[in-house]
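Trainee: I have a structure I would like to understand better, so I am pasting it below and will then ask my questions one at a time.
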Amino acid sequence: MNLVRPRPIWRAQCHWKSQELWRFKGLRGIHKQRERVEDRRWPGWEVVVGIEVHAQIKSRKKLFSGEYDSGVTTAFVGDTKKAPNTAVSCFDAALPGTLPSLNPKCVELAVRTALALNAHVQRRSAFDRKHYFYPDLPSGYQITQRYAPLARGGYLKLSRGDVTVRITQLQLEQDTAKSTFHAGRRVSLIDLNRAGSGLMEIVSEPDMRSPEEAGDYVRTLQTLLRAVGSSDGSMELGSLRCDINVSVNRHGQAPGTRCEIKNLNSIKFMMTAITSEVFHHIELLESGRTVPQETRGFDEDKAETFKLRSKEDSPDYRYMPDPNLPPLLLSQEYIERVRSSMPELPSETRVRLLSMGLSERDADVLMTVDAGREVGFDGEIGKGACLSHRMTHDLLGQLAARKETFSDNPVSVKHMGELIDMVQSGKVTGTSGKTLLRHMISHRSLDSPSKLAKELGLIALSRDDSSLVKEWCLEAIEELPQQAEAVRKGNLPVLNKLVGKVMKLGKGRANAETVRTLLLALLRQER
Amino acid sequence: MRPRPITRCQRLFRSSSTTSSSALRTPPIGSDVEALNAGVNALTSVSSERSTGGYGQLHGLSIAIKDNICTSSLPTTCSSAILQQYQSPFDATVVRLLRDAGAHIVGKTNCDEFGMGSLNLNSVHGPVINPFQTAPNVPAAQMEHRSAGGSSGGSAASVAAGICDAALGTDTGGSVRLPASYCGVVGLKPSYGIISRWGVISFADSLDCVGILGKSVGIVKRVFDTVATYDPRDPTAATPDLRERACQFNSPFLSVTTSTHQPRSLEGLRIGVPIEYFPSELDPSIVDVLRTVLRRLGEAGAALTSVTVPATQYTLSAYYVIASAEASSNLARFDSVRYGLRTAPPPGANTSKSSDVFAHSRCAGLGKEVQKRILLGTYALTADAFDNYFLQAQRIRGHVRRDFDRVFRHPCALLERPFPPEDGVDVLLHPSAIRTAPPLDRRAQESHSGGKAALGLSEYLQDIMTVPASLAGLPALSIPAGTGADRWPVGVSVVGQWGCDNLVMHVGKAIEELC
């Protein structure tokens with residue numbers, strides 16, 4: 001793919017002027033656009049929220065680790081199950097002599113996202129280094145796109161109200177390693193698996209006016225990221241992280257001082273944190289004090305924000321253009337090619353469903369069914385994505401054939417989802433799936449698809465059960481190498497962990513005692 | 001293959017508190033190498049492999065590798081305490097190419113720490129002693145101790161001492177050409193991006209080039225032809241189509257100099273002498289050598305003209321800002337968390353910030369000069385200084401490049417629409433250094449440069465001739481062309497347009513034959 005046309009070597013410098021990422025002139029514009037909404041929680045006050053989202057790119061390889069790594073490890077991004085420090089290349093560990101090479105898949109997924117956000121993909125973007133010393137940052141700097149981001153300007157329509165949040169920019173950057181403090185041993189443990197993974201930083205304009213709108217923004221963004229396959233977007237698993245900027249002002253007055261809240265790991269906490277921060281600001285302002293510009297954390301137990309550091313303590317990151325990476329030049333043809341190969345966006349699906357005569361509620365139901373039918377790694381539109389569309393189409397087709405509307409649909413969202421899962425996991429074949437669907441509609445059966453499948457004898461059994469159980473056992477051993485090692489060394493209670501894993505893999509279909517025996521046999525055999 | 005540390009020669013300026021290895025039982029080649037190395041201190045480790053099995057175009061050639069280029073079979077120390085025990089898990093692309101071509105890797109060569117220095121004094125392995133002597137068979141006691149130059153001093157010295165046929169060095173601001181000039185060998189800094197930097201430990205990424213040192217232009221060219229290939233692992237590598245473009249731009253001018261007709265005629269070759277390259281610090285006897293070279297080239301048919309590269313006066317300061325800024329960034333990885341010498345903070349030390357903890361290892365593991373440059377570079381990148389230092393230096397760099405483009409009649413392959421002047425020159429010719437190899441005795445040196453404060457600056461001044469080509473990424477070749485008033489070697493440099501490495505070597509060969 002002629003994606004990157006490296007024009008070595010040195011970079012033009014004139015564009016290199018410091019710029020403020022938060023543009024408050026934009027903010028004033030929005031003040032005019034948005035109607036004054038009185039919030040019962042804080043009458044007379046206006047809340048302004050902007051969000052920086054860091055979404056981990058769902059690519060097989062990391063952002064710069066390269067295909068040419070001489071090491072044996074291949075870094076699979078987003079695999080949180082991997083044992084610590086097993087998905088690390090020489091570049092990720094910042095061994096001297098290594099150089100970055102840009103992963104074109106990450107660029108493609110970021111371009112997809114930018115297009116989905118209606119942003120302008122920049123024909124020329126560049127990479128900068130952001131410096132600070134921390135054990136989870138192996139090279140001492142993070143490669144990011146501070147001054148010339150991949151995309152600028154865009155917007156996201158929220159699902160509720162008629163709210164549009166403008167997107168300032170989308171940039172590519174590296175993730176850090178994960179550090180965990182081991183309280184007992186009083187040491188920090190570093191896991192480099194995540195180091196160097198690709199992130200998309202998506203910066204919004206301060207266009208949200210309540211914690212609820214902020215929650216809606218992140219949820220809508222999650223759906224979009226999953227639909228285009230660029231990220232799993234899971235806050236719980238850490239593949240999507242938010243920094244929230246909050247400021248408060250009296251209606252009709254200039255925006256207040258903003259504070260940044262970091263390290264939030266669920267939408268619920270995020271909304272609570274914003275509320276807490278708003279009350280904190282109002283309390284300060286009402287008592288005649290000013291709001292200091294701070295970076296704040298969130299205490300989940302107390303449901304309160306707290307000060308992490310003030311603006312004066314904020315470090316000087318000493319940004320500089322990365323001398324190893326030539327500017328990223330994207331041709332219009334390339335951008336169009338990405339656009340034409342994109343999976344359908346949630347908003348487009350919605351329009352399509354509505355045009356088929358579905359009510360808004362029905363469209364929502366169907367889209368919920370579709371959600372989670374993921375695009376594979378590197379944006380590959382695999383079986384899953386097609387399948388869900390096909391099933392939805394089938395359902396609509398069947399209904400149309402029976403001259404029934406969607407509201408007459410006897411198949412519940414839950415059953416539809418289960419059916420798709422069954423087909424995807426290979427429990428029933430695609431053909432059986434259709435048969436099952438037809439059966440469910442024609443018989444208006446309220447039974448679960450799995451029960452029906454059993455009744456109809458549609459359960460797929462390509463292999464005999466014992467080989468399947470053995471496969472799960474081997475998988476469990478591979479996934480829990482430390483536990484397996486412990487059992488090998490005679491620590492038998494740990495075996496339960498492995499048994500549990502097998503039960504999970506087999507969705508509870510295996511016999512625990514059989515699994516126990518088989519696991520022990522396998523572990524002994526290995527020695 | 002287990003690396004064996006070299007018996008250290010006398011440490012001139014560093015107290016030898018650390019290990020000093022004993023005599024070693026060695027295979028014939030190894031012992032020869034050690035004998036030759038004794039008193040020169042050019043090598044930091046010697047390979048125990050006798051020769052490689054390969055029968056490529058470099059079969060039979062023995063090559064030493066600068067110690068900042070990664071080798072999987074020998075330590076890669078960068079002459080720094082922080083990496084003294086470091087063993088890279090991979091071979092640099094250049095090393096792999098050499099091995100594949102059948103070259104025998106002799107060992108690793110001493111250098112200034114991370115390539116920072118011009119005299120090869122900043123090394124945990126001690127300074128390199130220039131093997132050149134004005135008279136043959138001088139007894140060791142009466143040998144004059146002079147610097148081999150830096151930072152690739154060990155590479156130049158190992159070639160000059162006959163330890164190997166060729167050596168790889170790295171050149172960031174003159175680190176190949178300066179030692180080549182001081183030791184009386186040929187040193188090539190190719191166009192930026194022509195030789196892969198994968199596996200070369202970065203000093204300043206936008207300036208670093210792998211360079212080649214050899215006894216003759218012919219050997220340098222043989223090695224160059226082997227290692228100058230596109231490597232997708234180096235994101236700054238010139239792409240194959242760019243190489244092609246440069247080659248096609250330059251071919252009409254190459255035919256002039258490629259004729260094998262003897263005596264070689266240089267009819268049609270235009271040589272420019274940049275007037276800015278004769279600063280007051282330049283030793284007059286070096287100008288005499290250059291004059292002789294110019295006269296002979298003129299007699300052979302080359303047209304000589306004087307040219308101007310006005311931005312030259314600012315290059316040294318721009319270079320030190322850019323190189324130090326990049327170094328401060330590149331050396332941030334040496335935090336001793338994953339590898340490298342680790343010094344635990346003393347009891348009671350402040351460990352609340354990770355940078356406080358790292359500081360102990362970095363202070364113990366990095367030498368004074370390296371620390372100095374990291375501090376300078378860090379300052380240049382701070383928000384307050386960035387515009388006035390870093391950006392300003394980048395602007396000067398742009399001027400330097402444009403100045404050169406106005407001088408050469410060859411179009412720059414890197415530009416979309418180059419407009420080379422029709423009356424431009426093919427190559428530039430100027431002295432490689434402002435003097436011959438400086439004495440290693442620190443006291444003598446101080447008296448020479450007038451005090452201790454001036455010593456630091458005079459070391460930086462050594463680079464004044466070599467830095468412009470580095471900033472512009474141009475190919476430059478230093479060829480021994482005679483001796484100065486003190487009868488020590490003097491090198492002259494041939495500089496060409498980007499991608500004109502072959503042309504530069506052809507002119508170099510002509511000078512080699514004529515002088």
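All residue numbers here begin at 1 and follow the chain in the order shown.
Placed from the backbone N, Cα and C atoms, the Cβ positions cover glycine too.
Caution: TrEMBL annotation is automatic and unverified by curators.
Feature list, courtesy of TrEMBL:
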type	residues	note
DOMAIN	B:53-504	domain 'Amidase'
ACT_SITE	B:Lys66	active site, charge relay system
ACT_SITE	B:Ser151	active site, charge relay system
ACT_SITE	B:Ser175	active site, acyl-ester intermediate
Trainee: Taking the Cβ of B:Ser151 (active site, charge relay system) as reference, which residues of that chain separated by at least 6 in sequence fall under 8 Å from it?
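Mentor: Spatial neighbours, sequence-distant, of B:Ser151 (active site, charge relay system): B:Cys111, B:Asp112, B:Gly115, B:Met116, B:Gly117, B:Ser118, B:Asn120, B:Gly169, B:Thr170, B:Thr172, B:Ser175, B:Pro179.
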Trainee: Report, as a single number, how many Cβ atoms besides its own are within 10 Å of the Cβ of B:Ser175 (active site, acyl-ester intermediate).
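Mentor: A count of 37.
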Trainee: Taking the Cβ of B:Lys66 (active site, charge relay system) as the centre, count every other Cβ atom within 10 Å, in any protein chain shown.
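Mentor: Around the Cβ of B:Lys66 (active site, charge relay system), 32 other Cβ atoms lie within 10 Å.
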Trainee: What average pLDDT does the predicted model assign to the domain 'Amidase' (B:53-504)?
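Mentor: Averaged over the domain 'Amidase' (B:53-504), per-residue pLDDT gives 92.
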Trainee: By the DSSP assignment reduced to helix, strand and coil, which category contains B:Ser151 (active site, charge relay system)?
Mentor: coil
